[in-house]
Ligand SMILES: Nc1nc2c(ncn2[C@@H]2O[C@H](COP(=O)(O)OP(=O)(O)OP(=O)(O)O)[C@@H](O)[C@H]2O)c(=O)[nH]1
């Protein structure tokens, strides 16, 4: 018998539900500290955001969908829901979040929307901590189970972290076999890195003014939360000539240090999070033998 390696699994999970039912809170709980960075950013739920949860050989990519509410629902087949539906169309599982004790017209609309896609749906009934007498939930559960052939109905509380593990275990089991889409240390989408790179670039421009060539680029090499809850970021500043490198670094490293300090403060404010930022400067000339940089330019071996 061959010694078979455990097959990796990877899938997309969409979170959907009317506004205020607790989707962000639930995502935060599922991801632990990982997503709290994203969620503290204003307006995240307006956009589709990704949280990436990699556990052993399984990677789950959480897709948050924009809230659906009545006004917008009138245009349900148009604009706003394009984002939501595209994220439903290509996911492996949908987590439909509703509130403990009431099923509203908006919930119905969300369900109608979900029904148009042939994906398995888990119903998470949130905020049950608000209900003193749990028995009172039973008729509601009964009622909901007749609405759709949900894979699973899980009553719980995102806020109190109640039954969130049960949901997570279900998600883990439901992920199809496949390679990871993101590196293991990715827990947010690229926009986090992009914003960070932009802040560093802005500080460089401010520090260097006219001395700075347009073509300076910043790459975020590492973006990772350590076990102490410190966000560790390594930024690589790419310049075109070695003369520019010394300009960026400044006398005794003073300029780069200033850029780093200013950027770190802004990044900390953006993510509401302590940050450790390290910056390096490299000359782009070396790109020819830098595989990563070549890839970022769109070349690979098959070209
Ligand atoms: N009691 C209780 N409150 C909760 C629970 N989950 C979330 N909330 C509260 O409900 C409110 C809305 O939660 P969010 O996570 O922001 O809801 P959302 O669905 O992401 O909302 P949108 O961003 O508008 O789509 C917040 O005040 C949360 O603290 C829960 O399990 N129990």
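Placed from the backbone N, Cα and C atoms, the Cβ positions cover glycine too.
The feature domain 'Era-type G' is assigned by TrEMBL to 9-177. Annotation source TrEMBL lists GTP binding site at 17-24, 64-68, 126-129. The region 'G1' annotation in TrEMBL covers 17-24. Look at TrEMBL and you will find 43-47 tagged as region 'G2'. Under the heading region 'G3', TrEMBL lists 64-67. Positions annotated as region 'G4' by TrEMBL: 126-129. Positions annotated as domain 'KH type-2' by TrEMBL: 208-285.
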Annotated binding-site residues 20, 23, 128, filtered by Cβ under 6 Å to ligand 1 = 20, 23
Request  = Report the DSSP secondary-structure composition of the region 'G1' (17-24) as helix, strand and coil residue counts.
outcome  = 2 helix, 0 strand, 6 coil
Query = Cβ-Cβ under 8 Å from residue 128 (GTP binding site), same chain, 6 or more residues apart: which ones?
reply = 100, 134, 137, 155, 156, 157, 162
